[in-house]
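A.B. asks: Per TrEMBL, the features are:
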- B:C117, B:H160, B:H164: Fe cation binding site (BINDING)
- B:E161: active site (ACT_SITE)
Amino acid sequence: MNELAITVIGRDRPGIVADVAEALARLGANLTDSTMTRLRGHFAMTLICVGPAAADVEAALAPLAAEGKLLATVRAVTPDGETEPTGEPYVLAVHGADRMGIVAAMTRVLADAGGNVTDLSTRLTGSLYVVVAEVELPPGTADEVAGRLARTAADLDVGVSLRPADTDLL
Amino acid sequence: MTAEEYAGLGGWTPEKLGLPGAVRAVVAAPDPVLSRPGPAVDPTSAEVVQLAADLVATMRVSPGCVGLAAPQVGVSAQVFAVDVTGHPKAVTVHGAFVLCNATVVEASRWKAGREGCMSVPDLTGDVKRASRLVVEGVLPGSGDPVRLVTDGFEARALQHEIDHCAGLLFLDRVAGAHAVYQRKVYL
């Protein structure tokens, strides 16, 4: 079974999801995990689907991209199955005045500690920049990572917090 | 609201401050005052009494505002006003009050809920807060100690304001990468 990684991005308008999903459905492609969201007026879809060949999906999406309003990419990927958690789940929040390199510096601290970012979103509103990341940290490293994050945040003049993610099962 | 809970404030109202409040300008993130832990204050000082009156006045003229902390008017200090009167989500309601040097002494029954903030006007976020809360602090003016037992939305408001006094925004407590939302404005 082919597994495909597909991205579609374009200026937001009603019907982008319906158009793309319809094209995939006609090919018998099964949508598995995806995120679809609006980013500053652009609509961005990142999705994994299984079924058809990459070339068929590219051809099916071509008419949507033809007017230059949507940019679509299709890649065949190797199915790895579910990734097992590699550490303890934490939520990192950073906020402060927008400047270059906030995400780069903060995620470098996480990477150097062996932390794995599993989800991250950023928002710029006025001059306020907000980063929220979910990260798996190697067991027992959170206090040290928090200290390094605080020092890096101080250099950038932004606020930072690192808290255990809520893992309650209800 | 039970008589016992109301006794928590000893019948205190903002009128007991004895002076009119002035409306102050509300600062927005990323103003650094919002990320700085505020010092404890002398609740009997004239400066703090005026600040308390100003926080109430500013809260009252701000639509939808149920609480306002000193850092939000640019003053790094452990003082805040709360008033959830009439809010549809409120259960226990202590009316309008101001607390200085407040701390959470008991917190339980944590629940997630959506929060906004006058100092983060364009965003909201999902934050877990205790829905049963005991807070201790002192009243501006008299300096009398108070112990408030509350719940639900008033408990959430108190935790949000106590966080402000400690230099924390709701953004520091959001549940995850998809728990921050652009505030919706419908035309």
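In case you wondered, yes, glycine gets a Cβ from its N, Cα and C as well.
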A.B. asks: Between the Cα atoms of B:C117 (Fe cation binding site) and B:E161 (active site), what distance do you get, rounded to the nearest Å?
C.D. replies: 10
A.B. asks: Identify, in sequence order, the residues in the chain of B:H164 (Fe cation binding site) that are 6 or more apart from it along the sequence and have a CB within less than 8 Å of its CB; answer 'none' if there are none.
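C.D. replies: Sequence-distant Cβ neighbours: B:L34, B:A69, B:A70, B:P71, B:Q72, B:F80, B:S119.
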A.B. asks: Which residues in the same chain, at least 6 apart in sequence, have a Cβ under 8 Å from the Cβ of B:H160 (Fe cation binding site)?
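C.D. replies: Set apart from B:H160 (Fe cation binding site) by at least 6 residues yet with Cβ under 8 Å, we have B:G67, B:E115, B:C117, B:R129, B:F170.
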A.B. asks: So around the Fe cation site, B:C117, B:H160, B:H164 aside, which residues have their CB within 8 A of the centroid of those CB atoms?
C.D. replies: B:G67, B:A69, B:Q72, B:E115, B:S119, B:E161, B:D163, B:L169, B:F170
A.B. asks: Output, ordered by sequence, the same-chain residues six or more apart from B:E161 (active site) with a CB under 8 Å from its CB, or 'none'.
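C.D. replies: Spatial neighbours, sequence-distant, of B:E161 (active site): B:G67, B:L68, B:A69, B:F80, B:A81, B:V82, B:A102.
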A.B. asks: Per DSSP, B:C117 (Fe cation binding site) is which: helix, strand or coil?
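C.D. replies: Its secondary structure by DSSP: strand.
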A.B. asks: Determine the Cβ neighbour count for B:C117 (Fe cation binding site): the number of other Cβ atoms within 10 Å of its Cβ.
C.D. replies: 24
